[in-house]
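TrEMBL has this to say about the protein:
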| type | residues | note |
| --- | --- | --- |
| BINDING | G54, Q55, T56, G57, S58, G59, K60, T61 | ATP binding site |
| COMPBIAS | 248-257 | compositional bias 'Low complexity' |
| DOMAIN | 1-374 | domain 'Kinesin motor' |
| REGION | 234-268 | region 'Disordered' |
Amino acid sequence: MVNCIKTGMPLQNKMFEFERVHGAEDSQEAVFQEVQPLLTSLMDGYNVCIMAYGQTGSGKTHTMMGSQLPEEHSGTQQEAQQGIIPKAAAELFRLISEKPAESLTVEVSVMEVYNNEVLDLLARDAQGNSGDQRRDVITTACGTSQVTSLTHETVRNASEVMQIISGVLKLRAHCPTLVHTDSSRSHLVVTLTISSKSPNALALARRLQSAKKDMQRSARKEWWSPRCRRANPAAHHASDDHLFASTPSSPGRSPCQSPCPSPRPSISQAPFRTKLQLVDLAGSECVGMSGVSGAALWEVSCINRSLSALSDVLGALAEQRPHVPYRNSKLTHLLQDAIGGDAKLLVMLCVSPTQRFITESLQSLGFGSRARQVQKELPRRKNHTVKVK
């Protein structure tokens, strides 16, 4: 409930309904408990996106990254202040450790969308220094979005993930405003890509290829086994001299035509690729509230337009329109796989409790209400088993 107090006007209460509302007293662990079940879907083959939306200074970066305590605090207290990104990385590797039979790899990429341009924060220049190189977003033939020439770093644990992210956060665009002295002026997108491949898939594929060649060689021979003779009574009474001959009562069959085909090796857990996208959106506020001018004014304009495009996409999904305008912004085009199709999206709304920012808070809550209207079919567990008949 939002109390709207205006001079000379009666008190108005506006109601908004969400799945969960966390107060300022709730811990980071309590917030992450709402997120944790969603990460299991990654192992089932679904893309997952978690984003924080709200005005500058409302707590988005605190929610996603956490807060750094002084070094004299214990490790337990530091972990308690970790946000969704470090906790999600730790949970992801915990889930991976429970699947020792599979060959799993995790890659991390870090991008920012600044002034409607996608910048690769992990890219290196000719001298090996970190740089923000521009990248293009394309739509592949199968309808998925892809960032061209994006840099990926292979990681083995959550600590390596956070070392990489911490090393490039200083490259993110910041600018002081009247609302926040260190306001982020870009959308930060951290992507963890999980690739799964059965270790025996290649060997099984070779066996299948060899078996196929053997089948082609014996295509003109009679397919026989005691089990198949029982399935064909006429052949059972035939003499042994006619066992391999093609007769009307015992027609010649190729292996693929046999009523009792031999067992074929099957490939289970075929390779799949899923993405966990963790997004710390730039702050949304009115230009007059931020008090910026010049180049910073253009930054605010680009931020608001990209957030408006994100709202339009969610609105199109909520209304089930035949066309969803993903390409109206680099942000929505980049996140197409994470917010469309059968992907799972969680929006964390961050609002200020003060009357000074009542307009921005109502705008954020309106965005959340639109996102909540998006209804998708209940996802079924994806079966990656491929059986060769």
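Note that Cβ sites are derived from N, Cα and C of the backbone, with glycine treated the same way.
Positions of the features from TrEMBL, shown on the structure.
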residue : record           : contacts (Cβ under 8 Å, 6+ apart)
G54     : ATP binding site : K60, L281, G283, S284, L349, C350, V351, S352, E360, S364
S58     : ATP binding site : G283, C350, V351, S352, F357, E360, S364
G59     : ATP binding site : C350
T61     : ATP binding site : A52, G83, S184, D280
Counting every protein chain present, what is the number of Cβ atoms, excluding its own, within 10 Å of the Cβ of K60 (ATP binding site)?
26
